[in-house]
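If you check Swiss-Prot, you get these features:
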{"type": "COMPBIAS", "residues": "18-31", "note": "compositional bias 'Polar residues'"}
{"type": "COMPBIAS", "residues": "38-48", "note": "compositional bias 'Polar residues'"}
{"type": "REGION", "residues": "18-48", "note": "region 'Disordered'"}
{"type": "TOPO_DOM", "residues": "1-125", "note": "topological domain 'Cytoplasmic'"}
{"type": "TOPO_DOM", "residues": "169-172", "note": "topological domain 'Cytoplasmic'"}
{"type": "TOPO_DOM", "residues": "218-235", "note": "topological domain 'Cytoplasmic'"}
{"type": "TRANSMEM", "residues": "126-146", "note": "transmembrane segment"}
{"type": "TRANSMEM", "residues": "148-168", "note": "transmembrane segment"}
{"type": "TRANSMEM", "residues": "173-193", "note": "transmembrane segment"}
{"type": "TRANSMEM", "residues": "197-217", "note": "transmembrane segment"}
{"type": "TRANSMEM", "residues": "236-256", "note": "transmembrane segment"}
Amino acid sequence: MSNLAQFDSDFYQSNFTIDNQEQSGNDSNAYGNLYGSRKQQAGEQPQPASFVPSEMLMSSGYAGQFFQPASNSDYYSQSPYIDSFDEEPPLLEELGIHFDHIWQKTLTVLNPMKPVDGSIMNETDLTGPILFCVALGATLLLAGKVQFGYVYGMSAIGCLVIHALLNLMSSSGVSYGCVASVLGYCLLPMVILSGCAMFFSLQGIFGIMSSLVIIGWCSLSASKIFIAALHMEGQQLLVAYPCAILYGLFALLTIF
């Protein structure tokens, strides 16, 4: 038993005493007081304000409503996009549609005895010819004749043939758009004839004579414009002959 007691005393031997325990307790209390004082000082210090740019501080205060942002008139007045938008041409002018030019060419066709200014065909205009082709098909439809396909088909083939003939006959070449523009504008008298077919039949002496007059009117106007635009003096009859054949086909559609 004495050996066992000696073993226990040797096994549990330590340098720890009651004085050391009291000293460690005092150290922990001092550390707690120091931590609490630092926490209290940190709580008493004011929090740093959020960062605000100098531009926002210098700008004027907002006076509008929440969902209605204040407009900056200086930005819109100095914006280059507003000025460029105001300087843009109208939409019809960008598309190449000029009603004064259309009216001038229409008057030239309606008065074949008037001298023709060749410069009117320097600008290729297809707005008037398309309108007259649609008007011819519409008047034939109102007269009980559905001939839209024939009108468009003969117009395209006739323009190709006369374009080839004029390039062979003239020293200066001519564009396909110019030929289509002239032939389309000169289709206006044929539209008048098809409009008359809506009210009375043209299958008679009066209808045949009226058709001959309209064919001569269309071919004379077209040949005069081609001669003036291409400087083909002395060749008007040679140009008027294929034009008369083309407009004769349109007259046959109108009568029958």
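Just so you know, glycine gets a Cβ as well, placed from its N, Cα and C.
Helix, strand and coil counts from DSSP across the topological domain 'Cytoplasmic' (218-235) read 13 helix, 0 strand, 5 coil. Through the fold, the topological domain 'Cytoplasmic' (218-235) approaches residues 108-109, 112, 116-118, 120-122, 166, 169-172, 174, 178, 182-183, 185-187, 189-190, 241, 243-244, 247 of its own chain, all at least 6 residues removed from its boundaries and within a Cβ separation under 8 Å.
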